[in-house]
Amino acid sequence: MGTATRRKPHLLLVAAVALVSSSAWSSALGSQTTFGPVFEDQPLSVLFPEESTEEQVLLACRARASPPATYRWKMNGTEMKLEPGSRHQLVGGNLVIMNPTKAQDAGVYQCLASNPVGTVVSREAILRFGFLQEFSKEERDPVKAHEGWGVMLPCNPPAHYPGLSYRWLLNEFPNFIPTDGRHFVSQTTGNLYIARTNASDLGNYSCLATSHMDFSTKSVFSKFAQLNLAAEDTRLFAPSIKARFPAETYALVGQQVTLECFAFGNPVPRIKWRKVDGSLSPQWTTAEPTLQIPSVSFEDEGTYECEAENSKGRDTVQGRIIVQAQPEWLKVISDTEADIGSNLRWGCAAAGKPRPTVRWLRNGEPLASQNRVEVLAGDLRFSKLSLEDSGMYQCVAENKHGTIYASAELAVQALAPDFRLNPVRRLIPAARGGEILIPCQPRAAPKAVVLWSKGTEILVNSSRVTVTPDGTLIIRNISRSDEGKYTCFAENFMGKANSTGILSVRDATKITLAPSSADINLGDNLTLQCHASHDPTMDLTFTWTLDDFPIDFDKPGGHYRRTNVKETIGDLTILNAQLRHGGKYTCMAQTVVDSASKEATVLVRGPPGPPGGVVVRDIGDTTIQLSWSRGFDNHSPIAKYTLQARTPPAGKWKQVRTNPANIEGNAETAQVLGLTPWMDYEFRVIASNILGTGEPSGPSSKIRTREAAPSVAPSGLSGGGGAPGELIVNWTPMSREYQNGDGFGYLLSFRRQGSTHWQTARVPGADAQYFVYSNESVRPYTPFEVKIRSYNRRGDGPESLTALVYSAEEEPRVAPTKVWAKGVSSSEMNVTWEPVQQDMNGILLGYEIRYWKAGDKEAAADRVRTAGLDTSARVSGLHPNTKYHVTVRAYNRAGTGPASPSANATTMKPPPRRPPGNISWTFSSSSLSIKWDPVVPFRNESAVTGYKMLYQNDLHLTPTLHLTGKNWIEIPVPEDIGHALVQIRTTGPGGDGIPAEVHIVRNGGTSMMVENMAVRPAPHPGTVISHSVAMLILIGSLEL
């Protein structure tokens, strides 16, 4: 019975991009580039179907390295011997496993990439083998239950790996069981649950189990199991949860989590989910037998409850989702160059649950503390680095859910000082009276000792001259005497080197017209002036900053413009100033050797900024006290405050009533009035001044007003229907905003019309919308006076107006009399009867006519209902020349009453199947004469009593119907009529016959043409066809 779908054989390639990259090292001379292995592809875990026709598995491994890397593989921690001709082949760095088997090849694989720099180890890849066996061949026992009960059909899937998906068949493929509120297929066990059975569930059931693997899908069917239903049990019973989710469900961050919950019950229970210690995300599916969390996070951890509810009660089940996580890097190591003899500290850190442990590898081997190396969990420390410490290092973080690797190369260097990559600048311009910094940065390992000279004079630190620890020469208060050659000397134990530059002194840059501070209003324009003088041999540029941040003049739609009239003018213009444009502006004029700057303050007045610190206190049922702190007035006094509220999460902000009604600008607290009890609110504050209304504050913390008794009566009170002896009352459930408190429900009062005693019923739950009162003494269609109020744990609300509701109806008890039926055509009969009297069982809706052929059983009768209280009906769609038995029953909403005595009727013979033939016509000046051969019926056809003719001389006009008892007809026509379309058919007791159609044309004075039914005169086909259809419809709709 198993079926499998596969793709044609191909090479399975499993690869992943390396998680942590490494950069290549360049030597000091920029010649040969040498760097250790950096993974570009790493193997991924493989699920290989045991029955697969694939002949090989490829585990990918590729590393970038110089010189190129060589590769080795480990299986279950042991290095593999990859010999020519064996089942395990090395192709590049990839491992190819030929004809893989579970016994020999299932396990954990790692790739090792090496070159002279060092070795790195790939992540682990697990090769697993998937399978799905066949279902047992034994016949399955029938499942028995009463109709109306819930039932479970077990799947009992065969041995398999990994998990399966399930569907169920009813009787035959592909008649799958639908996913609806009454049926549920557990994807955990495969079992089929039916909450409440009915007659349509009878049949044979088969479980379909499907395995989805990396590149194949296989399905198997179970033997059919028969579901037998005994007599219907109409009793109502409370929900009982049968498909339950575990008490604890473990999940990894990012996985999909599915909780299953399904219950038996009558009526079919409704399923609702809630998070006991939090709220459900609106993106989750929460009203079905499964709660799905598409991508679980730590915020989703907690206790969840499933509630199954119907009118008879409820059942609940709870379970906890525990979220854990694979390791994830917070901090990784990176490629590092270090000087010989120096100290180095590397660190890496990872998050995960459980907390990951960290270990270190050097060239693929475990690294432990020894001599100059100290390993402390996530820290690796080196003292006095030597050349032997160079190599490839890996930080490994792992917990029970996975392992991650971070790789880096350590290059320990010993180099003599070398200025070829970074010499001292050849020409060093400097401004008179200014300061110059001349770096000295030779490449050297270990770090070189640096000395400076001017000409032949060694420089020592003074008030004007300083050599910093990193070798930079600083000269202050520069004068012409400082011009000359300056040489940096660098030396370490590997050697020495020097580099020389020439210092040239230039005139200083000065601001000649500084910008002035200004006050402006929002939307104004302002120009800040800035002029400068400079050394004429050098270029001058202006830059502007606002509060020390550079101004971007190229930003599209920006507010800043600058003047480019002269090199010495750098004015700034602010267009349509906004509040954010206020602050400290700095104009800087600069050359390559020095700069000068001046500042100005711009104050922009505008509407107030948002208030802060919105706090709610003194929470009542309809009032709260709100306080806030003043925001920025933006240089214009605050005139007033406005308070707004909303109901999260999606409510709109609305202005609220306050005390005082008008809140002045110096206030920092006010009372909010007119709130709804037991409602969640957020509040915000908006300030205004003479220049406008500012931005609102951030929302306050969410609060809930205190509870109060309901203040509004439920609406939509109605009812009716149900089983005998029942009174069903319906109402519209009250929304959250009208509940005013917890413990919400409804108090129903009802009494028979005319009685003085009220009965009451308490219906808990805000979502409740109906109540069923059952009492055998309640007569059918008895009027009850009904009223309703709501309640919560703070008290009862107001009562609604009284409504009149009727108890359940019963079927009519009296049958119609004097039923008479007569065939009126070959396919129709008329039926008439005497009406029944309206009784106390309910409202009579109409009559149901049942009719069946003589010789058939009444169980095979067809039925037709009248839409009102008419006492006659025409039944169509009958067979010709056939005797029918007919009964009539009255019906109401509860069903149909007893049948009348049967009447008989026989339909007429069918009309002749031949149309009139040999049609001829003659035009005169004012009339048209048409003749045809009479139609003689066969013995099994009804008599011909006359003929109908449809005549149309204008395609835009409605055809005219003419009747005749003869085989000819003469009709008046205008003299200018040149052609017409005519249809002629028989009529009689059996109805109208098949039409003959002819297109007649006036041929000069008098003409005659004989109609040939095989080859008739034909106008444009579309004209004839479209208008023939119209004429047929017209003839059929007329009753003669």
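Glycine is treated like the rest: Cβ placed from N, Cα and C.
Annotation source Swiss-Prot lists domain 'Ig-like C2-type 1' at 43-128.
The feature domain 'Ig-like C2-type 3' is assigned by Swiss-Prot to 239-322.
Annotation comment: Swiss-Prot describes 509-603 as domain 'Ig-like C2-type 6'.
Residues annotated as domain 'Fibronectin type-III 1' in Swiss-Prot: 610-708.
Per-residue confidence over the domain 'Fibronectin type-III 2' (713-810) averages out at a pLDDT of 94. Positions annotated as domain 'Fibronectin type-III 2' by Swiss-Prot, on the basis of sequence analysis: 713-810.
If you look up Swiss-Prot, you'll see 815-910 marked as domain 'Fibronectin type-III 3'.
Taken from Swiss-Prot, the feature domain 'Fibronectin type-III 4' applies to 915-1006, supported by sequence analysis.
Annotation source Swiss-Prot lists N-linked glycosylation site at Asn76 (among others). Within its own chain, Asn76 (N-linked glycosylation site) has Gly107, Val108 as residues 6 or more apart in sequence whose C-beta sits under 8 angstroms from its own. Under the DSSP three-state reduction, Asn76 (N-linked glycosylation site) is assigned to coil, being neither helix nor strand.
For Asn198 (N-linked glycosylation site), the number of other Cβ atoms no farther than 10 Å from its own Cβ, over all displayed protein chains, is 12. Summarising the annotation, Swiss-Prot assigns N-linked glycosylation site to Asn198 (among others).
Annotation comment: Swiss-Prot describes Asn204 (among others) as N-linked glycosylation site. In this structure, Asn204 (N-linked glycosylation site) is part of a beta strand by DSSP.
Taken residue by residue with DSSP, Asn461 (N-linked glycosylation site) is part of neither helix nor strand, so it is coil. Taking the Cβ of Asn461 (N-linked glycosylation site) as reference, residues of its chain lying under 8 Å away and at least six apart in sequence are, in sequence order, Val467. Annotation comment: Swiss-Prot describes Asn461 (among others) as N-linked glycosylation site, evidence class sequence analysis.
When Cβ atoms from all protein chains are considered, those within 10 Å of Asn477 (N-linked glycosylation site) total 11, not counting its own. Per Swiss-Prot, the feature N-linked glycosylation site maps to Asn477 (among others).
According to DSSP, Asn498 (N-linked glycosylation site) is assigned to a strand segment. Here Swiss-Prot flags Asn498 (among others) as N-linked glycosylation site, drawing on sequence analysis.
Positions annotated as N-linked glycosylation site by Swiss-Prot, on the basis of sequence analysis: Asn525 (among others). The Cβ of Asn525 (N-linked glycosylation site) has 12 neighbouring Cβ atoms from other residues within 10 Å, across all protein chains displayed. The secondary structure of Asn525 (N-linked glycosylation site), as reduced to three states from DSSP, is coil rather than helix or strand.
Contacts of Asn830 (N-linked glycosylation site) defined by a Cβ separation under 8 A and a same-chain sequence distance of 6+ are given as Ala821, Lys822, Val824, Ser872, Ala873, Arg874, Val875, in order along the sequence. Feature annotation from Swiss-Prot assigns N-linked glycosylation site to Asn830 (among others).
Taken from Swiss-Prot, the feature N-linked glycosylation site covers Asn904 (among others). Asn904 (N-linked glycosylation site): 13 other CB atoms within 10 A of its CB, across all protein chains.
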Checklist outcome for this item: Comparing local Cβ density (other Cβ atoms within 10 Å) for the glycosylation sites Asn498, Asn918, Asn940 points to Asn498
Checklist entry - Taking only the glycosylation sites Asn204, Asn477, Asn498, Asn525, which one has a CA atom nearest to the CA atom of Asn198 (N-linked glycosylation site)? => result Asn204
Checklist entry - Do any residues at least six apart in sequence from Asn204 (N-linked glycosylation site), in the same chain, have a Cβ closer than 8 Å to its Cβ, and if so which, in order? => result Leu170, Asn171, Phe224, Ala225, Gln226, Leu227
Checklist entry - How big is the Cα-to-Cα gap, in Å, between Asn940 (N-linked glycosylation site) and Asn498 (N-linked glycosylation site)? => result 130
Checklist outcome for this item: glycosylation sites Asn477, Asn498, Asn525, Asn904 vs Asn918 (N-linked glycosylation site), shortest C-alpha separation belongs to Asn904
Checklist entry - Asn477 (N-linked glycosylation site): which of the glycosylation sites Asn498, Asn525, Asn904 is the nearest Cα neighbour? => result Asn498
Checklist outcome for this item: One should report the C-alpha separation between Asn498 (N-linked glycosylation site) and Asn904 (N-linked glycosylation site), rounded to whole angstrom, as 129
